[in-house]
Amino acid sequence: MIRGKVFYKGEFVEAGIEVENGRIKRIGKLVEGKEVKGVILPAGIDVHVHLRDFAEKRKETIETGTLSALHGGICLVVDQPNTKPPVDDAETYFRRMGKAEKSVYVDYALNLALTNSNHGKIGSIMRKISERYFVPAVGEVFIQHDSEDLQIDYETLSSVYKRFEGVVFTIHAEDPAYVARGSPNFVFRRREAEVLAVERLVELGKFHFCHISTKDSAKEILNSNSTYEVTPHHMLLSVEDYGRLGNLVNVNPPLREREDVEWLFRNFHRIDVLASDHAPHTLEDKEAGASGFPGVETMYPLFVNLASKGYISFKTLVEKIASNPARIFGFKGYGEIEVGNYANFAVFDLKKVDEIRAERLHSKCGWTPFEGFEAVFPDKVYLRGKELLENEMKAGNVLKKRV
């Protein structure tokens, strides 16, 4: 049992939390417990991470990626299946989950890839996997990708989507007509690529759009029944950072002009999900032009600092990083500090403002685009009532069947 300033039902209250068998039994002013310093927030959910491993384990592994998530106040990550090899069949899915079962510091779920090799049999693949594991979504589906097998055209996506009522499809929306194949440089990935793809896709169905980076795309989705996520780097960095970061700046979709960046941040309350798109590469690979940023460890701390300073509200932050991801992807028992839910929370001392330094982070890639940014990292992280940070305990679970 712990006591402190708990974020409960949309506001902070002085209360205690009693935990039994990993779940919250009671919350109230009369509940006794160990007093903690700072605010007690729901632990975050990052629905978009690329934990590499397999043939790219020199960049990141499931073990190092989930350790990084733990230190960032995240209790559950959703890994993307565009690995090498891609997770587009049951055997590869089971192999990756078996690897995760032995090594995760936080809870772990894995999406299923939609490829040109598997789209005709994805139903049977999904049924086989679902006998053992909970699959949050099909995706991230790439409308544009350097791999011909991973690049799915609109017609194929529409055909598959219509066969799977109730399944979440997550989309990387960049129209291939506007993207130079094989080039990660932002000059060749025009903002029109995202806008055009979103305009077409919202007419085809209800999707969850990954890493939206332009105001026009966001407005289009807001007028539909789809949902979308935005990354910290698309709200806190811009093309102006190219001079500071050099080749490190490469990311898909690319960093945008200040107009888009400022609109997304001003409208943070209107987005559905805050997700990191944690996509680590070594410095050597980045210098060679690889696209992607690490971010699972810095996302929550960056935005806790912004909330502490009044730029955003804690209510909005908790919605975007915890309760909305749980609702959209069906993670029952996650996302809110509430009786019956898992006792997953993070304690942040708002007076402990640090500067982000790569050498203190835990991702295997060894760098961050947010070097020198102010952040508030968690002092304690609880997963099903166990405090994990002090001893870096591997207490995570893989999500089995339906949560």
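Cβ from N, Cα, C; glycine included.
Of the residues ASP260, ASP272, ASP277, Swiss-Prot puts just one in the Zn(2+) 1 site with HIS48, HIS50, GLU140: ASP277. Swiss-Prot lists HIS50, LEU51, ARG52, HIS281 as binding substrate, and of ASN21, ASN82, ASN247 the one it places in that same site is ASN82. The Zn(2+) 2 site in Swiss-Prot is built from GLU140, HIS211 plus one of HIS172, HIS233, HIS269, namely HIS172. One residue stands out among the binding-site residues HIS48, LEU51, GLU140, HIS211 for having the most other Cβ atoms within 10 Å of its Cβ: LEU51. Residue pair LEU51 (substrate binding site) / ASP277 (active site) shows a Cα separation of 10 Å. Apart from HIS50, LEU51, ARG52, ASN82, HIS281, the residues listed for substrate, the same chain places the Cβ atoms of VAL49, ASP53, GLU56, LYS59, GLU60, GLN80, THR83, HIS278, ALA279, PRO280, GLY292 within 8 Å of the centroid of those Cβ atoms. Maximum C-alpha to C-alpha distance over the listed substrate-binding residues HIS50, LEU51, ARG52, ASN82, HIS281 is 14 Å.
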